[in-house]
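Trainee: I'd like to ask you about the structure that follows.
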Amino acid sequence: MIRLAVFAAVLAVAFGAAVIAPRPIVRADDPEEHMSVPEIITYWGYPSQTVPVTTQDGYILQVHRIPYGKSGPGSGKRPVVFMQHGLEGQSSNWVTNLPSESAAFIFADAGYDVWLGNMRGNTYGMGHTTLDPKSHEFWQFSWDEMAKYDLEAMIDTVLKLTSQQSLYYIGHSQGTLTMFSKLATDQTFAPKIKMFFALAPVGTVGHIKGALYYIAEYLGTTIELLLHLFGEDEFLPSGTIMDTLAAFFCGIFHHSNPLCNNILFLIAGPDSKQLNATRMPVYLGHCPAGTSTQNMVHWVQTVKSNQQQMYDYGSSAANQQHYGNPIPPIYDVSQIRAPVYLYHSDYDWLADSTDVNNHLVPNIKPEYLKGNTELFEFNHMDFIWGLRAAAEVYQPILTIIDKDSKNSRK
């Protein structure tokens, strides 16, 4: 436990420089706080469907659908927009603001068939054909498996049910990392993605701030230690770890600011200039949505290596057994063959613009990198919950998709 003591001491020394004053949190009586995603969708007057998807390795994921907006189904086939949540997220990420501010509702009202994915280990990804979520085996996965199995299973199911050949993909955070990784390793998958819109895009994370940086820097990547501190199966940080991180990032105010006691915001950044404080209970009622400790270890490894690489099993022998190589393979994003649009900000703790510009921009081939937009003062969660997201992120994407879908119908 020496490393943990050093970790706490280092944060304590830096304590005074990291004080973030709390924003007023107004406790609103929002029923969506305790609703499921289908209930939220119908609460706002939209049609809702839930489709179970089984991955090749047996995980059962629930995919949520808004087939059309409030104007009704209309006639003809609607283009599909698939939205994928980020780290510790779930499908609720796209519907927990008001309809005029939530991506899923905005795209449904614009005439699209909207599908919301869920990854293994979150609220809607706790099923398996043979494994019990209480078992150790269930939690042996990272974003490698999400990229390899979850994306393919969900997207193939959506395309089959809608009788379409391809779709528009909007990913946030880990939802971009998994798609970059899938496209880099599977050339047959690219034709299924008409366009890939990456919000807070993640490839390498060598320049991040927040909890993952300090865990990587001061606790290292020793798998046994990290499993001991954060739980061997589901990611459940201890009270000591949470208190240490919260005190560092939010200072003396951390007990009065609910964001500072939520691991998702300690990773992504607790301060925002555009979150709606009255909706905070709804956000926090659904996130963090759960993941495995192995997934978080993989994130820490990615911070430490500054490489977009597969999970390191901790020894040359173990890696040799899994990969046929003592070193985990690198995801080569130069192999991506789908149109990519990047939306990022230097205010983002987790998807730092330096990493985006140093890794994704120069390595994705120019003929596939169709857009690179840097936004002013968007923190990591502002891309899905920020009050400026509709005007500065969703509407520009809609303009691009509208033009493309109309051209494809000619």
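A Cβ is built for glycine as well, from the same backbone N, Cα and C atoms used for every other residue.
Marked as signal peptide by TrEMBL: 1-28. For 37-98, the entry in TrEMBL reads domain 'Partial AB-hydrolase lipase'. Residues or ranges marked as active site, nucleophile in TrEMBL: SER173. Sequence annotations record features per position, and here TrEMBL assigns active site, charge relay system to ASP348, HIS380.
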Trainee: Would you identify the secondary structure of SER173 (active site, nucleophile) according to DSSP, in three states?
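Mentor: Going by the DSSP assignment, SER173 (active site, nucleophile) belongs to neither helix nor strand, so it counts as coil.
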Trainee: For the residue listed as 'active site, nucleophile' and HIS380 (active site, charge relay system), determine the Cα separation and express it in whole Å.
Mentor: 8
Trainee: Report, as a single number, how many Cβ atoms besides its own are within 10 Å of the Cβ of HIS380 (active site, charge relay system).
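Mentor: Neighbour count, Cβ to Cβ under the 10 Å cut-off: 31.
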Trainee: Which whole number is the mean pLDDT over the domain 'Partial AB-hydrolase lipase' (37-98)?
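Mentor: Computed over the domain 'Partial AB-hydrolase lipase' (37-98), the mean pLDDT is 96 on the 0 to 100 scale.
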Trainee: What does the DSSP secondary structure composition of the domain 'Partial AB-hydrolase lipase' (37-98) look like, as residue counts for helix, strand and coil?
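Mentor: The counts are 11 helix, 19 strand, 32 coil.
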Trainee: Output, ordered by sequence, the same-chain residues six or more apart from ASP348 (active site, charge relay system) with a CB under 8 Å from its CB, or 'none'.
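Mentor: In sequence order, ALA200, GLY269, PHE378, ASN379, HIS380 meet the Cβ cut-off.
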